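*Asks:* As annotated by Swiss-Prot, domain 'STAS' applies to 449-559. Positions annotated as topological domain 'Periplasmic' by Swiss-Prot, on the basis of a curator's inference: 1-32, 76-101, 148-177, 234-278, 335-350, 394-418. Per Swiss-Prot, topological domain 'Cytoplasmic' is recorded for 123-126, 199-212, 300-313, 440-559. Residues or ranges marked as transmembrane segment by Swiss-Prot on the basis of sequence analysis: 33-53, 55-75, 102-122, 127-147, 178-198, 213-233, 279-299, 314-334, 351-371, 373-393, 419-439.
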Amino acid sequence: MNKIFSSHVMPFRALIDACWKEKYTAARFTRDLIAGITVGIIAIPLAMALAIGSGVAPQYGLYTAAVAGIVIALTGGSRFSVSGPTAAFVVILYPVSQQFGLAGLLVATLLSGIFLILMGLARFGRLIEYIPVSVTLGFTSGIGITIGTMQIKDFLGLQMAHVPEHYLQKVGALFMALPTINVGDAAIGIVTLGILVFWPRLGIRLPGHLPALLAGCAVMGIVNLLGGHVATIGSQFHYVLADGSQGNGIPQLLPQLVLPWDLPNSEFTLTWDSIRTLLPAAFSMAMLGAIESLLCAVVLDGMTGTKHKANSELVGQGLGNIIAPFFGGITATAAIARSAANVRAGATSPISAVIHSILVILALLVLAPLLSWLPLSAMAALLLMVAWNMSEAHKVVDLLRHAPKDDIIVMLLCMSLTVLFDMVIAISVGIVLASLLFMRRIARMTRLAPVVVDVPDDVLVLRVIGPLFFAAAEGLFTDLESRLEGKRIVILKWDAVPVLDAGGLDAFQRFVKRLPEGCELRVCNVEFQPLRTMARAGIQPIPGRLAFFPNRRAAMADL
């Protein structure tokens, strides 16, 4: 077990570091309590809104924030992260919930948890850092656009029997449904969104989510007095408990232990075929969860001066996503906005995230009847604000203005693919394209430079600068071959060649074979890695054709 869970992968790392290695005092608990309550106030409406956006009833978002929030806080590797349902998952979870129902979504969440633990055990935590900013910005902006589009129906109260799955068809259907706008829903949505936008400018430390929802409810009261009809959580969502009792809105009880694949009234059947069908979505959830949770941890490190444990965080995220489905929780990861609010509110340890989850549980037990009165247009306004923040429009504009053309192409491609297809295709294509463009950029840096030295006319002395890898070597040796006419000796100085890969080695060997008769290649100042690569390949000096020297002086000794 110790070999599997090393110090870099072991769960509970953040909790141990924050509360065991550092003295946990009453003063620190007070700060965590205040931070936990602050974040809990933000999390309650967001968790419900994100569950609705994911195609399931709002209580499942609360179950996620409660159960996954506690498990990940205690077992993860980032002491300030607050986990729960996040906006990034909406575009993945909604199609799964529509096709397979809640049970299929819970099974996919469980599978994603297994993937996350495997990523942590394989120490993939630091590999996430190699995903280019242009890729992450492209797909997060694309997700923001998609989420924003998905909220227009509820925000305006449009009457739509069916919402198409493809983005362009969805936009067309929304446009055609505009004549069915519900003025009451639209008024509530606009007021709620307006308060969310302008609240931060007031300088009040209380998060704007609660005042915005209260204002939306006040407008709903006016609409009802005027005889209008407004869609609420209670009017749109119904539940059936295990004992057969039914109700509207949100059940006033704790999350119940269930088998994710065996829910009451579910048509989902757990088979190898169903698991195989869910695996791509589960892997997408795991990839997105890993990226978002580790990006969140990096942001928090910058805010607090601490250092997260990337692989421990992946293991903690995996445990949370494995345990949560047994209590009705959907996919969870660290939420950047809630985690940043946690830090700003004075959090000192993962205990603040636990307190935030406890507050969510108390809301389930005490406030469920009141939460059922929340208007759906106000929930949509919350998600529109989340979508705007997630799009990071200011960063997109900055990249368009100042970044190299290659990065702009990658970002726009990732954004478009995320909107038109899905995140997995966007990230896969984006990483491949970014890698190819990066290799082209590096290949252009590999070149031949003249060495100023007094030698006979039939001797050529050049310095190779840059890595000799597959994308650069062929062009470099082709250039060198064009300079060989009338040369008896060619001296190549390799002191600026840090890397020689298999492609570079192959190009080098073919160049040696193509050397004109009577021309000798002398290689000197070879660095360790290229020297080791040639030694492993069995490259040997060839009298009169190929020779190796420790330095340029030795290579020129007999000229």
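Cβ from N, Cα, C; glycine included.
Tell me about the setting of these features in this model.
*Replies:* Model confidence over the domain 'STAS' (449-559) is summarised by a mean pLDDT of 95.
Look at the topological domain 'Periplasmic' (76-101): DSSP puts its residues at 15 helix, 2 strand, 9 coil.
Note on the topological domain 'Cytoplasmic' (123-126): DSSP counts are 2 helix, 0 strand, 2 coil.
Within the chain carrying the topological domain 'Periplasmic' (148-177), a Cβ under 8 angstroms from the stretch's Cβ atoms is held by residues 52-53, 90-91, 94-95, 98, 183-186, 189, 193, 230-231, 376-377, 379-381, 383-384, 387-388, 391, 419-420, all 6 or more beyond its ends.
Non-local neighbours of the topological domain 'Cytoplasmic' (199-212) in the same chain are 38, 41-42, 45-46, 192-193, 341, 378, 381-382; each lies 6+ residues outside the stretch with a CB under 8 Å from one of its CB atoms.
Helix, strand and coil counts from DSSP across the topological domain 'Periplasmic' (234-278) read 10 helix, 6 strand, 29 coil.
Long-range Cβ contacts of the topological domain 'Cytoplasmic' (300-313) within its own chain (Cβ-Cβ under 8 Å, at least 6 residues beyond either end) map to 8-14, 76-81, 120-121, 123-126, 128, 293-294, 334, 339-340, 343.
Here the topological domain 'Periplasmic' (335-350) has long-range neighbours at 14-15, 18-19, 24, 28, 31-32, 34-36, 38-39, 42-43, 46, 73-74, 76, 78-84, 86, 207, 292, 295-296, 299-300, 303-304, 356, 386, 389, meaning same-chain residues at least 6 beyond its ends whose C-beta is under 8 angstroms from one of its own.
With a cut-off of 8 Å between Cβ atoms, the residues of this chain six or more beyond the topological domain 'Periplasmic' (394-418) that come close are 91, 132-135, 137-139, 141-143, 145-146, 425-427, 429-430, 433-434, 437-438, 441.
Taking H, G and I as helix, E and B as strand and the rest as coil, DSSP gives the topological domain 'Cytoplasmic' (440-559) the counts 43 helix, 31 strand, 46 coil.
Same-chain neighbours of the transmembrane segment (33-53): 59-62, 64-65, 69, 82, 84-87, 89-90, 94, 147, 150-151, 154, 206-207, 209-210, 213, 233, 250, 330, 335, 337-338, 341-343, 345-347, 351-360, 363, 367, 371, 374, 376, 379-380, 382-383, 386, counting only residues six or more beyond its ends whose CB sits under 8 Å from a CB of the stretch.
Here the transmembrane segment (55-75) has long-range neighbours at 11-12, 14-15, 43-44, 46-49, 81-85, 93-94, 97-98, 102, 105, 233, 237, 239, 250-251, 255, 315-317, 319-321, 323-324, 327-332, 334, 350-351, 353-354, 356-358, 360-361, 363-364, 368, 371, 379, meaning same-chain residues at least 6 beyond its ends whose C-beta is under 8 angstroms from one of its own.
For the transmembrane segment (102-122), the list of distant contacts is 4, 9, 54-57, 60, 93, 96, 260-263, 266, 268, 270, 274-275, 278-279, 281-283, 285-286, 289-290, 311-315, 317-325, 328-331: same-chain residues at least six beyond its ends, Cβ to Cβ under 8 Å.
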*Asks:* Sort out the residues at least 6 away from either end of the transmembrane segment (373-393), same chain, that have Cβ-Cβ distances under 8 Å to it, and list them.
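*Replies:* Beyond its ends, the transmembrane segment (373-393) has Cβ neighbours at 45-46, 48-50, 52-53, 58, 87-88, 90, 137, 140-141, 143-145, 147-148, 150-157, 185-186, 188-190, 192-193, 196-197, 209, 212-213, 216-217, 220, 230-234, 236, 249, 337.
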*Asks:* Who are the long-range neighbours of the topological domain 'Periplasmic' (234-278) in its own chain, taking Cβ under 8 Å and residues 6 or more past its ends?
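*Replies:* Sequence-distant neighbours of the topological domain 'Periplasmic' (234-278): 48, 57-59, 62-63, 66-67, 96, 100-104, 106-111, 325-329, 361, 364-365, 368-369, 371-373, 376.
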*Asks:* Please work out which recorded stretch in 127-147, 178-198, 213-233, 279-299, 314-334 has the most C-beta pairs separated by under 8 angstroms from the transmembrane segment (419-439)?
*Replies:* 127-147
*Asks:* For the transmembrane segment (178-198), which stretch among 127-147, 213-233, 279-299, 314-334, 351-371 has the most Cβ pairs under 8 A?
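*Replies:* By the under-8 Å Cβ criterion, the transmembrane segment (178-198) pairs most with 213-233.
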*Asks:* Which residues of the chain, 6 or more past the ends of the transmembrane segment (314-334), have a CB below 8 A from one of its CBs?
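*Replies:* Sequence-distant neighbours of the transmembrane segment (314-334): 5, 9-11, 14, 51, 54, 56, 59-61, 63-69, 71-72, 74-78, 81-86, 88-89, 92-93, 105-110, 112-121, 124-125, 255-260, 285-286, 288-290, 292-294, 296-297.
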*Asks:* Taking helix as H, G and I and strand as E and B in DSSP, count the residues of the topological domain 'Cytoplasmic' (199-212) in helix, strand and coil.
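*Replies:* With helix first, then strand, then coil, the topological domain 'Cytoplasmic' (199-212) has 8 helix, 0 strand, 6 coil.
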